[in-house]
Amino acid sequence: MMGLQEEEFQMPNFKQLLEEKDSEIMRLKTLLTKYVPKSELDQMSNSHPSTKIAASTATLESPENLCSQLSKEDVARYSRQLILPDFGVGGQQKLKKASVLIVGAGGLGCPAAIYLAAAGVGTIGVVDYDSVELSNLHRQILHKEHGVGTPKSLSIILAVSSLNSSVKCVSHHVLLKSNNAEEVISQYDIIIDATDNVASRYLLNDACVLLKKPLISGSALRFEGQLTVYNFDGGPCYRCIHPSPPPPETVTNCSDGGVLGVVPGTIGCLQALEAIKIAAGLGSSFSGKLLLFDGKEGSFRKITLRSKQKTCSLCGDNPVISKLIDYEQFCGASPTDKTETLHLLDDCSRLTCQEYKQLKEDSSPHLLIDVRPPEEVAICRLPNSVNVPFSKVEDPIEVEKIRNYIQKLDNKNKQVFFICRRGNNSQRAVQLLEPKLADLNVILRDIRGGIQAWAEEVDTAFPIY
Ligand SMILES: Nc1ncnc2c1ncn2[C@@H]1O[C@H](COP(=O)(O)OP(=O)(O)OP(=O)(O)O)[C@@H](O)[C@H]1O
Ligand SMILES: [Zn+2]
């Protein structure tokens, strides 16, 4: 390792040495074998080395030329990757010239950004409209406690530039939408999708196909992650694989499903790796392939995807999409819809947190059923609530249990309240149980906004998750 490093530090002297001694020419040629194809070197040996090498400088980017573009600091900083046989000075130069846009400064975007900066990608752009929250810090590892409340895109570029001040960092504090996506994306060579919603996936895919940019797509939920590269090297685009979006209610986000921080960390690093490979001219291992990572099993699987489709409405033979569309309408959900708010029940079947608080203070007999999963109930719960997870609310054993609780209530107007995290499943539970408990002459109601509204409106010391 040291040998190569030392030789590269001496590069500026090579030209002079070349004119003086043939032995030095041989030494230079040995070094050249690392960067110049053998056929080119053979041709060089038939004529005067100095002229041949000068000619090759223009076309082949000899190390002499390449190294003159890397500063002494660059050589020292990147020395461990400069000596990589398939990467070398040429790869480093390409990285330095490359620009990568990371859309989403969250669990995937943070690790991707920091590894790209460490590797020496010339320009890194970061897009995010959101600000740092405390619940981000377990996985969005470039944001800091003192940065809670600051724009995520700014927080990332501060971390990136303190690691590598030679990287040009650009913060785009915007929600990427149809009206601004092309303007931002067109400024970069490679795009990383580190977002968390379907509308953004289609938007990025369409913009990348229209602007002919490779798209490195990642996702992570619970213990599992996925990675693929779209619109690269003749491979499919996102629409080739998913011509239409999934129903919004079938999509789970990290805020509802949970995620272990290392999982997006792993996928974000792999996104950075693919970006580095593409930028350095090494290609990608995931065009038309999907990586499935299972953190619980500790397994990686790579499967082959459907190839690029001739019938694809975007990248096929007769495309019908020639400009960006309204993705919120297309997907039935906006990129900022973190949580759904359902209105399933009439007002008379709903209670506000304040009304419930009053009822408790009046010691009015009632039953409070918490329909969150036990993992969430273990985080926090209201006193005297019973837990019947929503997934089991129609289970005959659970229904029987609820009937027994109700029968033990000793007032005439038997009141049963349902609570969940945000007030959606509690409404669904009322709807499902009303017919099953009709014979008990009982009033079923839900608590609007759930535990979260309680924490925000009634008891601010109550945890929010
Ligand atoms: N169209 C978009 N334009 C800009 N930023 C986006 C867009 N879509 C998603 N994002 C950003 O992508 C990031 C994705 O991060 P991540 O999946 O880790 O979840 P989160 O939204 O920060 O957290 P949580 O889901 O826990 O609330 C978010 O910071 C979000 O603001
Ligand atoms: Zn396609």
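Glycine is treated like the rest: Cβ placed from N, Cα and C.
All TrEMBL annotations are machine predictions without curation.
Features of the protein shown, as given by TrEMBL:
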- G107, D128, S135, N136, L137, H138, R139, K152, D196, N197: ATP binding site (BINDING)
- C237, C240, C312, C315: Zn(2+) binding site (BINDING)
- C254: active site, glycyl thioester intermediate (ACT_SITE)
- 362-463: domain 'Rhodanese' (DOMAIN)
- C420: active site, cysteine persulfide intermediate (ACT_SITE)
Fewest Cβ neighbours within 10 Å, where candidates are the recorded positions G107, S135, C240, C254, C420: S135
Candidates C237, C254, C312, C315, C420 (recorded positions) - the one closest to R139 (ATP binding site) by CA: C254
Neighbourhood of C315 (Zn(2+) binding site) by C-beta distance under 8 A, where only residues 6 or more apart in the same chain count: V209, N231, P236, C237, R239, C240, K308, Q309
C420 (active site, cysteine persulfide intermediate) and C312 (Zn(2+) binding site), distance between Cα atoms, whole Å: 42
Residues among the recorded positions G107, D196, C237, C254, C420 that border ligand 1 - Cβ under 6 angstroms, in sequence order: G107, D196, C254
Sequence-ordered recorded positions from G107, S135, R139, C254, C420 with Cβ under 6 Å of an atom of ligand 2: none
Cβ-Cβ neighbours of D196 (ATP binding site) (radius 10 Å): 22
Distance from L137 (ATP binding site) back to the residue listed as 'active site, cysteine persulfide intermediate', taken between C-alpha atoms, in Å: 25
Summary of DSSP states over the domain 'Rhodanese' (362-463), given as helix, strand and coil counts: 44 helix, 17 strand, 41 coil
Between C254 (active site, glycyl thioester intermediate) and L137 (ATP binding site): CA-CA distance (Å): 13
Alpha-carbon spacing, D196 (ATP binding site) to the residue listed as 'active site, glycyl thioester intermediate', which is rounded to whole Å: 8
C-beta crowding around C237 (Zn(2+) binding site), within 10 angstroms: 22
